[in-house]
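Visitor: Before I ask anything, here is the structure I am working with.
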Amino acid sequence: MPPNTANKAAEIPPFEPIAIIGIGIRGPGGINSLTTLWDTLVERKSHCFPLAKDPRFHRRFNPDDFKALFDGIPDSENVLHSNLFDETPGLDRTYFSLSEREAAGMDVQQKLLLHVAHEALEDAGYSGVEDGSAFDPSTFGVYVATATDEVIQDPRDYDTDIYHLVRTERAFLSGQICFHFGLRGPSSSVDTVCSGSITAINDACRALATGDCRAAIAGGVHVVTPVSGPISFYSIKRAGFLDRTGQCKPFLHNGTGYSRSEGCGLVVMKRLSDAIREGDRIHGVIRGLCIRSMASPKFISQPNGVFQSVALAQAVKISGVDPAAISFVEAHGPGTAKGDLAEVSSLCTVLAQHRDVDNPLTVGSLKGNVGHAEAASGTHSLAKVIAMFQRRRIPPQADFHPSRLNPTLKPFFDKHPIRIIENEEDWNASHRIAIVGNFGASGNAGFMVVEEGSTFQPLEGRDVPKVSSPLPFVISAKDQATLVKLIHLYIDWLKQPSTFLTPLSDISYATTARRFTHPCMISVQADSHLDLAKKLQERPPMIDSSANRTSRQVAFCFSGQGGERVDPRNSTLYNFSASFTDAVDMCFRIVESESLIAEEDIAMLELFALEFGLMEMWKSWGINPVALAGHSFGEYVALVCAGVLTVRDALKLLGIRAALIRARCLDVPGKMAAVRLSVSDVNKCLEQQRSTHVELACVNSDNSVTLAGTPEDLESFRQELLKSYPAAGWHLLNNMTAAFHSRFVQPILADFTNACNEVKVHPSEMVVLSGLLGKMCPVGDAVLQQHDYLVRHCRETNRFGTAISDYQRRNVESETPQPDWIEIGSHSRIISFISLASDQLKFPSHGKTAADGWTTALDTLMRLYSAGHVVDFKDLHNDINPSAHHTDLPLYPFQFEPHVYPARREAKAISTTLASANEVELCPRVPSTELAPLLLNHVMAGYTLCPATTHVALLLAAAASSASSSQHEGRLAYKLFKLKVIAGFTNTTDGWLQVRRHLATSELEIISNDDNKIHITARAEVCKEQDMLESLSLYKPFILPFKSFKSLPTTDVLRKELAYSLFNHTVNYGAHGQVLDRVWIAEDGHQAWGYSTYPGGARTAEGVPTVLRDFSPMLIESTCQLIGFLMNTSMERKDGEAFVTDELGECSIALSKLYETKYVELYASFKMVDGGTAGLGNVFAFDDKGQLISAFRDVRMAKMKIYVLKRLIDRGRKPEQVVNTQHVAPEEVEEDNDANNDLEEKVISVLKAALRLSEIPRDKTLGELGLDSLTAIDVGVQLERLVPHRRDHLTIDPEGNLAALLQILRPAPSPKSLPTTSSTKEIKLTNGDLEVKAISTPPSLPITANGIPTANGVATTNVVPAVNGVTVNGVPKANGVPKANGVYTAKMPTEPATALIANLSPEMMEAISSNPEVVQHAPGRTPLLLIHDGGGTSFAYYSLGNLDRTVIGIHAPGLQEGKGMVNILHATNEYANIARQYLKQHCPGHSKLLIGGWSLGGTISITMAAMFPDLVAGVVTIDTTPPGVGGLTAEEAESVLLHPWSRSDGIHGLVRKQLEQNTRALFANPEYKTTIRNTTVNVPVYVICAKDPFRPPESLHLQDSSSQWLIDFKEPQVAEVMWKSLMGERLLGVQIIPGNHWTMFTPANAKTTTEALRRGLDVIEGWLNKAG
């Protein structure tokens, strides 16, 4: 008997019942669900096998590791058995968005947990959306148990990297689940050895009970690894725990220990009350749980029955369950004599003492089937109990017969009603309650009381009558290929008889509201299981939902009177939507209770109730409008929706208005007519026919109006109208009760005014488009609260169309996306008046009849969802089917990649270019002499190059030779995965190519005689041909519909001769290389069909090497050449550029079929990626029977310049170099280029190795390439060794790209290699593609501490110095040569500029010749023109952040010729002409520009504003000193500005010449000062000034007045006074920002400068809007 615990009963806290609502499981023998687990149990299967003799063991482990440890242990080979997975668990790396290196750095148990967690969460119906339920990611806890590590803590014997910490620290087991699923609640990883699962579940239950989390996922994992496995086997064996003959034998006489197993189990839990309230499917309920240390006083690992009894009794007590009600125990049952004895003893003590004989306690343990999964064993046991709950059956105990019962247990079974069953039987109990026991070798153990979930029925919602109508269904996946597989799984599942037992409404609820939403999806509507299967087989169009759903908005348009009459109480929506029904009933209840509307006007009530009900329905489904518009009568409902009127007041006013109309207007002969003609033409006719007294009642749109008049007047007007406009449409509106919005309603206005005055109106809570005013009324607009608003609305012209146009215009001006439109009413006539942009949509809400209500609304809802709108599917189902429950659905079809264990150090390769001992040759070397005929068919840039298809053929041949010795039988097919070009293009004019394979990873590599250089890497797979053909057939329904464009007149049809004449600019194909006979290119240029008769003769085609006799490269070329042709003829490129293959995601090819067919039909499509520098496409091939026989998916082709390709081949360089663009002296070029290129190549090499990439794209951030926090540390350590000049710790920013990283790593430039202004353009060679790309900050200039640029200072700024636009005290020095007309001109340089220009690179010439140059492109707001500084360039403006407008920079027009300004007034005129031309060509919607500039640019801007007020809207200057300030002479100014520009070569020389001439033109020109002082600036001006003064170096020996060269603006008033004297009232503001003149655009100050500039532009535009 257990000790007396009665005195402690009060201390036991109440246990909060916890619902198990989701489960995921893995076990040996392919167990991956409750169904497969149940099959194992009822079929009495055992998944145990002897390690030494089983191929599964040899695939996963090195037998020598075991042999070394167990050598000397008798009969060890016979002793070692286990229940292992057939294969090491892999990972769908793409699904979890992991880089290759990050995935390789994860522990295999972490990978397994991610997938099982996904399945458990899907089973629970967790969608990852914060919807106010207990499924709140911020309070979702994760508790995971484990007992082993993949890599032992001492890493000395194993290869380690930055991920060693992630792999070995157990905290990452729970952490990875939190990270990848976005769960932010408590997270814990525990280790109590074999009782880990129940401990983790206990921790989760306690956290749920205390409110630490509202949902939790908990369980355990155990995988035996080749790294730690041998040692753990050895330790357990030496401890005597392992059975000597094989499988665990719970309760049997021959049990001597346990058999190890692998597995994983996770359960998702909520508090029972939450699960019931939120409609979760409840697998079981944890009623009580107790964890205690139960070790024997003598030995820690010896179980103690007395202590177990105490824990079990406490678990039962806190559960509140009668022990007699517990009918089953899933025992820990490892099969050890002492363990089984202690456990059975405790069960009898607590549960069987006073038990009736006819209520026996059944005991079982699944360890006899699956072994002991150690840390995962507890969840295995719990999964078994849940499977029993679902089936209400008890499975047999494996290998049990009463005669085999352990003799030590027999007394307990004889004395107590306790049993073990040997045959499956029903679980007959009024309440099925079970105990789950889970014990650990460390003494920690626990018991769990679990009750079946069907006992706790969810709260039923309001009973809404249902009709046989379609329901929505959504299926989504990460990519198209996976979605195709998932659809196939659904089709098979729907055809299973058991699925028909699941209500269709539950399936709809589960697919739409209880699943993760992925980017690639389909949505369908179906009214039965078979209908759903049929719709899925028809392959509905896929939807790309990767865009942010919150970006799309919707507006409501409420219908007016005159449409089809629909009684909302007869609508199918009334029987389907609770929110619609409640809203409609409320309207009728208000009217009937207060008699607000007469029976004669019931049609008006029906229309109002219908529209109000539809509005409430849409809002309940998560479709909330951003704007409301109502056509005539519809504006009443719009005002209710906006909160201006209550429902009661709106109905009251409509009732009064209707009664007044009947009483006073029916005798008035007013009629209405709709006219389809432009408003201007109708107004013209109205003006001409005033005598008819016809009035304009409604402006529906620009081309539709409604007129009012007497029948006679309308007919007369119609006749005259059709004479002038015979095509005009005319329709008399006979169903209108009165001629509203005209003089015919004048008799009711006085009384209606009194009624309106009695109604309380409220500020609008939404945007309303006023038909009365013809404009948009923002939130809270007081005009809607005027009591005469509805009176005027009744009488005056309704300008619905004008209001719509005003709203759309305002959206354009504010750059607000235009919403989609839903018409709220019984038709879709009103939204036809709304003109939409190309990407806008419009939808109806209700069909024309009552029967169309639900189908129309559902179709609109799913179209909205497909278009990217947010739909709250949970609220939808709460509305239409509140009793819906989550149910089982097909599991997500993950695409697993094999797990690779860390290698032993001695197996580590010495060099990446040499084959290590574990690599084998799969194909003989192929000499270049045999390849030569193939190369002659593939000539690029004048070189015979090895084509990609030859590489593919070599890899397929290697895969085939590997498969020949395997178990594959019959016809085979082949797959390649992740083919990457490592070394670019191979010129194999001599030498050889060879394929080698890594045994550990199965990775294939193509190497050459060039120091075993690796050219290609890939993975290969061999499969049965029939399996591949079935897989490929899934794509066929998605491809064939596109065949229709072949017959369209817009399709380009190219025969062979024309096709290859177009293709020759890229590749010159020989006779055997021209495999395409005809090509059809669609109008969009992104799709093509092709036809090739090349197959058939390919086997005997000339030039196929012997080793490739069954893998003809040209035959393969016939299946994929079309994609290269399509990209190179359709993608944007310049002459001398080509798109070349550098990566292939997947290739599937049935070669036997390809050899048999007489021809192939090809379909190819692609999209632009990487900013247009690459294309990503697919190409599929059909044989002559229409069967899909090959697919090349995710073919990536990168842009490359042909001359660059030549250079790479000539020099043997890799295609990842960056070309140095700094122009330096000729004697310095080689030294600087070599140093920069050497560093750059090393950095790229480090990044490629760390990120496991074949290339480092320039346009992606390092984070996008896979650089995570741990990899960044690793990379930083390696890069620090490359940059000894750095003394600080290197921090790598994942948000930066390669250029930013190189900028950090490169040392400060020496005096010999000073960066130039043109370095704001970085010339890159990405994948062999030379391009000029702007970077975020210009290059650095050295400056001293006081801010002046010097030739030997420290680089702390990124801006080229520029001349400041000032005169000196109004007294110009006459350095210029006066012309005869008295105008001063600057001295022209004596040295020619041609030599300087000749030294510039073509890229630099292109950069400085782009004038004007678009710095930022964001159309809409007034463009900003920024004029160059004194150095003649506008590169500094690239440092600015986003200004929300188009920004244009102007270089000095004479920069290339070495010519500066001759006269500032003449130069200003030239710049004005450039600006006018740009406006005319590129900004047709703008007549003026905002202008500005830094330094001299500001001076020119002020001048332009004074001279050309018709062109300039406003000016913003950046540190431009006003004229008349400072004390420098022209000579002194020149010496200051030219001081840092001691060099005179290349671009440096051009900038120096600009400074010389611009300084003289400005400082030596008295005309400028006189003109600008005497000219009024009539545009607004905003001034930005640097806070600190500029201090020239003492070595220049300037006068004291030089300290005033730039004013000290520490006091803003100083600057304001100075500028006020020049600008007057048009000066809107002066802003002082940190820094001095030369630091305005440095990285430290660029953000501040940007913010100041944005503020200045906003102030100017605000002033202009107010003034205009």
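Note: Cβ is positioned from N, Cα and C throughout, glycine not excepted.
According to Swiss-Prot, the domain 'Ketosynthase family 3 (KS3)' annotation covers 15-452, on the basis of sequence analysis. What Swiss-Prot lists as active site, for beta-ketoacyl synthase activity is Cys194, His332, His372. The region 'Malonyl-CoA:ACP transacylase (MAT) domain' annotation in Swiss-Prot covers 555-863. Annotated active site, for acyl/malonyl transferase activity per Swiss-Prot: Ser632, in sequence order, evidence recorded as similarity to another entry. Annotation source Swiss-Prot lists region 'N-terminal hotdog fold' at 905-1034. Here Swiss-Prot flags 905-1206 as domain 'PKS/mFAS DH'. Look at Swiss-Prot and you will find 935-1203 tagged as region 'Product template (PT) domain'. As annotated by Swiss-Prot, region 'C-terminal hotdog fold' applies to 1050-1206. Among the features that Swiss-Prot reports, domain 'Carrier' is placed at 1234-1322. The O-(pantetheine 4'-phosphoryl)serine feature in Swiss-Prot is assigned to Ser1269. Positions annotated as region 'Proline-rich linker region' by Swiss-Prot, on the basis of a curator's inference: 1339-1399. For 1446-1531, the entry in Swiss-Prot reads region 'Alpha/beta hydrolase superfamily-type thioesterase (TE) domain', with the evidence type sequence analysis.
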Visitor: Are there any residues at least 6 positions away along the chain from the residue listed as 'active site, for acyl/malonyl transferase activity' with a Cβ closer than 8 Å to its Cβ? List them or say none.
Guide: Gly560, Gln561, Cys698, Phe740, His741, Gly771, Asn798, Phe800
Visitor: Among all protein chains shown, how many Cβ atoms are found within 10 Å of the Cβ of His372 (active site, for beta-ketoacyl synthase activity), not counting that one?
Guide: 32
Visitor: Could you please provide the mean pLDDT value for the region 'Malonyl-CoA:ACP transacylase (MAT) domain' (555-863)?
Guide: 90
Visitor: For Cys194 (active site, for beta-ketoacyl synthase activity), which residues of its chain lie six or more apart in sequence with Cβ-Cβ distance below 8 Å?
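Guide: Spatial neighbours, sequence-distant, of Cys194 (active site, for beta-ketoacyl synthase activity): Ala147, His332, Pro334, His372, Glu374, Ala375, Ser377, Asn438, Phe439, Gly440, Ala441.
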Visitor: At a 10 Å cut-off from the C-beta of His332 (active site, for beta-ketoacyl synthase activity), count the other C-beta atoms across all protein chains.
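Guide: The Cβ of His332 (active site, for beta-ketoacyl synthase activity) has 32 Cβ neighbours within 10 Å.
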Visitor: Where DSSP helix means H, G or I and strand means E or B, what are the helix, strand and coil counts for the region 'Alpha/beta hydrolase superfamily-type thioesterase (TE) domain' (1446-1531)?
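Guide: So the region 'Alpha/beta hydrolase superfamily-type thioesterase (TE) domain' (1446-1531) is made up of 33 helix, 17 strand, 36 coil.
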Visitor: If you run the three-state DSSP split on Cys194 (active site, for beta-ketoacyl synthase activity), which class comes out?
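Guide: Reduced to three states, the DSSP call for Cys194 (active site, for beta-ketoacyl synthase activity) is helix.
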